[in-house]
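I have placed the structure first, in the form of structure tokens, so that the comments after it can refer back to it.
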């Protein structure tokens, strides 16, 4: 029974499959037939559309060709018209050019005729001029060249006279303007440079706490005062002046050393030859410090920098030098300021002018030790310490020993004269007195064996320290006579001069 059911099911399935196959086949064949029909219809429609588009494209192409043809014809027509217009303009220009050429030819012919007429006229004038010249030569008895030379000479003389008058007029006006400008510059510089320094004295007054100190200064039998004067070379004057003693000497350095030493001795109270010698040595060292500080202060005050240290030290020594009673350092600072002010007015190098002004008298710092004028000494010093040629030239020319070649040299010369000529700055008699004392010491220093010499008592006495190992007692007698004889022959002086030779021998031993 189950087998039959299974068989029926299988047969039913097979029949279903066969029926389904045929049904599917019929459906597929129907779809194929429908698709073929649709494809055919689409092809037919496409052929119809393609034919229409082809005809439409042909029509559009024909229209485009026609349009392009019309544009080309219009452009060709426009260009033809433009060419015709240009041809007409060219023809007009050719006609105008032809007319101008004709006119030029006519003018050229006219100019040729006029040129020929001018040549003829020139030839006639030349003939007339030659005849007149010949007649003038016959009448005057001179050739044309001689007459021309006479005329040129007359003209030259007249021109030379006129030029001389003009040159003199210009020179006078230039001198007047230069003098006025120079006066204005110098007046301005003097007004702006206020200097209150006047001539220095050759004495220093030392106050005392009481008159009893005078006896201590003199010492037993005058040994203290003799030791002091011998060591310092300065006169110590003790008179009736209450509570004061006077130091007198022409050398400011010695006078300053003596002043410092005496003030310290008075303050210390212990006054005897050994103490005096100790204080004098300390005072000398202090003066050296003062010299250096004075040089540095001078460069700071004037604004002149970059100087060699030795030049700065020499500037400081000028503080203790005088020229006709005028302090040389203050004079140099004044010249520096004046030269700088005048240089500023003229618009030239102010620093160079001030540097030359400050160093112009540097030779006076060592003129006691070195022979020769202070100008030459200053030039040598500045060359040694590598100063510029302009500064060296200004120093060499400031007293007229050399012709000034630069404006700065002229300004230093003028500033030096202004400072020296200022009322109260110098005293001629004092300078001659100091020079006589210096000469007195120089004469003593020329002899061999002399260690140092001091002119004291206003030049009426000179004390000479000799080297004991070179000068014995007999040689000292001969030496003092020789020095006195040389002073008589070479020096003019009033009255008489006392020459003293001091020969001192020291033997030192320490007790241990």
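Along the chain as shown, the residues are counted starting at 1.
Backbone N, Cα and C atoms are what each Cβ position is placed from, and that goes for glycine too.
Among the features that Swiss-Prot reports, transmembrane segment is placed at 3-23. Taken from Swiss-Prot, the feature domain 'KH' covers 202-265. Sequence annotations record features per position, and here Swiss-Prot assigns domain 'HD' to 328-421.
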* Asked: Under the DSSP assignment, what numbers of helix, strand and coil residues are found in the domain 'KH' (202-265)?
  -> 34 helix, 13 strand, 17 coil
* **Secondary structure content, the domain 'HD' (328-421) (per DSSP, counts of residues)** => 68 helix, 0 strand, 26 coil
* Structure fact -> Looking only at the domain 'HD' (328-421), mean pLDDT returns 86
